[in-house]
Amino acid sequence: MSIALNVTGVPDSKTFDVTLIICLIRNLTSIISPINGFDSLPLQAETTSGSDLARIKWYRNKLAHPDSNTIDRAHFNTAWGDISDAVVRLGGPTMYQECQELKVNSLDQSNQENVLEIKQALEELRQTTENLGTKLSKVEEILDDPIPPNIRDQIKKQIEDWKKTDKMFVSTRASDYVMKCLQDKSCVTLTAPSGVGKTFISKHTALVLQKEGYKIILVYSPKDIRDFYQPGKQTVFIVDDICGNFTANRQQIDDWKQLLPVINTIIADKCCKIIVSCRLQVYKDEKFNILLPFKSCECNLVSDKLCLTSIEKQNIAKTYIGTSMQYIDEFSYNWDFFPLLCSLYHKNKKIDVKEFFKSPFGVYKDELDKLSEHGDEGNYKVCSLALCVLFNNQLKENWFQGKMTDEQRHIIEDTCDACYINRSTSKAKLKKELDTLNGTYICKQNGIYSTIHDKLFDFLAHYFGQKMIECFIDYGDSDLVRERFIWEKLLDKKTSNIDFIIKLSDDYLESYLQRLIKDWFSGKVTVVIKNTNMQMSLFRQKLLEQLKHLDLSKQVELVNTKDIVVPKESHNSGNTPLIVACCDGYTDMVQWMLHVCFDLNVDQCRDNGAAGLFIASQEGHTDLVKLILKRNPKIDRGNKHGSSPLNMASMNGHTDVVRLLLERHPNVDISNKDGCSSLFWASQEGYTDIVKLLLEKNPKVDICNKFGYTPLIKACAGNHTSIVQLLMRHKPDINTKAFDGGSALYFSAMNGNIEITQLLLENKANCDICIHSKQSITDTLNNHPSVTLDKEKQGLFDSLVSSTSSRVTDYVSKKSLDYAFDVVAGSYPLHIACFMGRIHIVRCLIDHNDNINRTKEDGTTPLFYACEVGHHDIVRLLLDKGANTQICRIDDKTPLNIATDNGHKSIVVIVREHTEKEKQLPL
């Protein structure tokens with residue numbers, strides 16, 4: 001065998017392969033196999049050589065491939081005994097002594113080294129496993145992160161910059177209040193003029209939340225909040241200068257409006273927070289009012305409640321100005337934007353502190369004027385700064401790279417002329433001068449030059465806008481032209497109060513109008529028609545005069561020009577002049593379009609399918625609807641969500657528009673993708689006149705949305721009595737149930753509307769219909785990802801808290817969302833009426849033979865709820881009508897226990913007296 005196996009060296013236990021030698025013995029010898037073979041532990045009674053070899057092999061494999069790195073003492077002793085006995089039987093009595101000595105011997109040096117190596121190897125393996133686990137978690141996190149890597153890196157860098165500046169943050173009552181609001185609210189909006197500290201407070205608050213485990217996400221455009229939202233993950237979204245950083249940007253308002261369902265979902269997600277900063281003039285704009293989630297919790301930093309106190313201003317001054325604060329007079333502390341002044345001075349301490357705080361922008365003006373007086377070097381700086389303003393505070397560094405284009409040459413030559421420097425100045429020279437202003441006027445972030453604060457940009461835009469107005473009109477960014485200029489004849493109390501607005505005199509009006517026409521031809525349709533001045537009919541007439549001077553072919557070209565600037569992801573994508581004019585109600589513009597382009601396709605639509613008739617109907621522009629209807633549009637043409645013009649007019653309460661549309665015989669039963677019909681919307685919103693008009697066309701009155709709500713249920717839920725009366729004449733299914741089991745009767749009982757309740761009961765409403773169980777509702781919502789369980793619970797909680805009874809409101813407001821879910825789930829109309837304290841409803845239901853002792857799954861009767869909340873009058877009524885005081889819930893509690901637990905002593909007396917009377921009654 002030695003020859004066959006080519007054995008070399010001296011036999012040694014270190015190199016002894018137990019598995020191999022047993023394999024050779026069992027296959028090359030005539031040894032007898034154990035009963036269960038060589039791969040199983042032999043029975044205790046088996047003591048043959050084959051059994052002992054199998055026994056040794058089995059224990060060897062168990063010890064070589066253990067389930068853990070420990071072995072208990074009992075198992076060790078059993079194994080040692082079995083192996084020792086086998087070794088003695090195989091090797092003879094001499095092996096017994098060796099086995100005994102080996103069991104109690106200390107490890108020799110060699111074994112100790114082996115053990116040490118094993119321990120080190122195990123430690124290295126543990127560390128490697130931990131490192132791999134960490135890396136795997138990071139990889140999974142990256143793969144799970146919806147934010148693209150480049151955006152993620154930008155956000156990370158900005159947050160690091162925040163942390164540096166946050167070291168100088170001074171806490172105020174406003175910042176404390178914002179933090180307090182976020183404990184109870186999911187969305188807060190910080191409002192104030194520019195420079196008061198909105199952005200700094202929002203950043204600081206976000207950093208505080210980050211320490212609590214929240215992930216910070218900066219929202220650069222409305223779609224970001226939709227694309228980057230991850231349900232159930234702790235996230236704080238930061239939206240800076242929402243809907244415009246100067247005036248209200250109507251396009252941005254429209255974009256946010258389309259995302260309101262997403263915003264509401266995020267707000268309902270208890271893991272998420274939204275911190276919004278908004279200029280006060282934007283927040284107060286009437287068009288902003290439609291963004292209700294952002295109006296739910298306002299923190300006005302210049303209000304009497306939150307404005308900076310004198311002590312807070314001194315603390316800020318001490319932090320940023322130091323000992324120089326002694327030179328600031330008391331009137332300088334009155335600036336709303338005092339925090340900004342401190343920050344600006346901190347970055348440029350060369351300026352005179354006293355003069356700066358006395359007249360901050362006067363100091364900046366003087367400084368710029370002095371630069372202009374210091375020859376070419378000063379003017380180069382002024383020119384480079386003007387370029388940054390021309391690009392609307394978004395001058396990209398790569399604009400200075402590469403060969404100069406013709407467009408760049410025109411901009412630079414005219415800007416240099418306006419600054420009195422050589423018009424052949426190179427881009428490199430201007431970039432170099434711009435870099436010298438970094439930290440005083442300019443900051444560069446992510447390859448973009450911008451001013452160190454928006455307030456400073458406001459001043460610079462006004463300064464250069466007045467100084468080189470022709471250059472700004474010709475080359476200014478289209479958005480700069482759209483929102484910064486106001487024709488002097490249009491100035492009113494509202495617009496004249498906007499700081500740093502650029503007044504446009506009659507001398508430059510024609511140039512301004514020509515610029516708008518040029519932008520229109522280039523495809524900037526939305527920017528032109530949504531120009532701030534276009535809201536005034538006088539300005540539109542001046543524009544129309546210019547348009548009518550063009551060749552007819554050019555006018556037709558403009559009418560048919562499609563917007564190429566609005567991003568594809570925006571709902572405004574695909575705008576046409578007709579659609580934008582319909583959106584803003586510019587009848588005069590539409591009349592011109594239809595006149596010059598008689599064959600204009602009035603069914604042209606945005607990328608989302610919305611045509612002019614749809615938009616005009618949605619916005620309630622009756623005259624425009626009349627104009628478009630004369631061109632015989634597709635009356636039912638809807639958007640990608642399935643909504644028709646009639647849907648939108650009904651939803652928004654535009655009665656005259658609904659009347660006009662119905663004259664064209666539209667399909668009144670068209671529903672959007674959520675199943676909401678025109679009748680549904682009008683019934684839900686309480687538009688009685690529209691409901692009347694629609695019912696005259698015999699619509700399907702029982703059409704329900706995807707959650708099972710019918711027009712009748714919605715009318716009952718909204719307390720719209722007159723609409724319920726109208727619907728009842730068309731014989732709706734009175735007992736239809738919504739997804740959660742809610743019926744028309746349930747909602748009328750909950751709201752306490754006795755008139756609706758009586759009407760329903762007179763028409764055979766079923767009192768036996770209850771809200772589904774918690775499990776049933778949960779299962780249903782799992783199939784409707786558009787509504788989360790948390791959002792449903794929040795809705796139930798809000799419906800209970802908004803009760804007209806202060807007793808109910810006070811009681812429920814101290815409870816959790818889960819408590820509200822417990823109350824509503826499984827409740828019948830009588831249950832909820834008793835809980836809400838609707839005694840007239842309770843009496844009405846009982847008079848219609850409702851079961852006074854009906855129970856929920858947990859055994860709760862209506863009496864339980866009356867006793868719990870403390871409705872004495874309802875308790876007496878129920879007891880008088882035969883309510884059973886001895887019914888127990890599954891937790892063995894009685895109504896008396898519940899009244900006692902909640903401290904309603906008078907109800908305890910009432911129930912006990914009633915119980916005693918019951919005992920005294922003869923059987």
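Please read every residue number as a count from 1 along the shown chain.
Placed from the backbone N, Cα and C atoms, the Cβ positions cover glycine too.
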Annotated coiled coil segment (source TrEMBL; candidates 111-142, 783-814):
111-142
Contact set, same chain, for the repeat 'ANK' (674-706): CB under 8 Å, 6 or more residues outside the stretch:
641, 644, 646-647, 649-651, 653, 655, 658-659, 662, 668, 712-715, 717-718, 720, 722-723, 726-727, 729-733, 736, 738, 784
List, by number or range, the same-chain residues at least 6 past the repeat 'ANK' (641-673) whose CB is under 8 A from its CB atoms?
608, 613-614, 616-622, 625-626, 629, 635, 679-682, 685, 687, 689-690, 693-694, 696-697, 699-700, 703, 705
Going by DSSP assignments with H, G and I as helix and E and B as strand, what are the residue counts for the domain 'DZIP3-like HEPN' (10-113)?
65 helix, 0 strand, 39 coil
How does the repeat 'ANK' (707-739) divide up by DSSP, counting helix, then strand, then coil residues?
15 helix, 0 strand, 18 coil
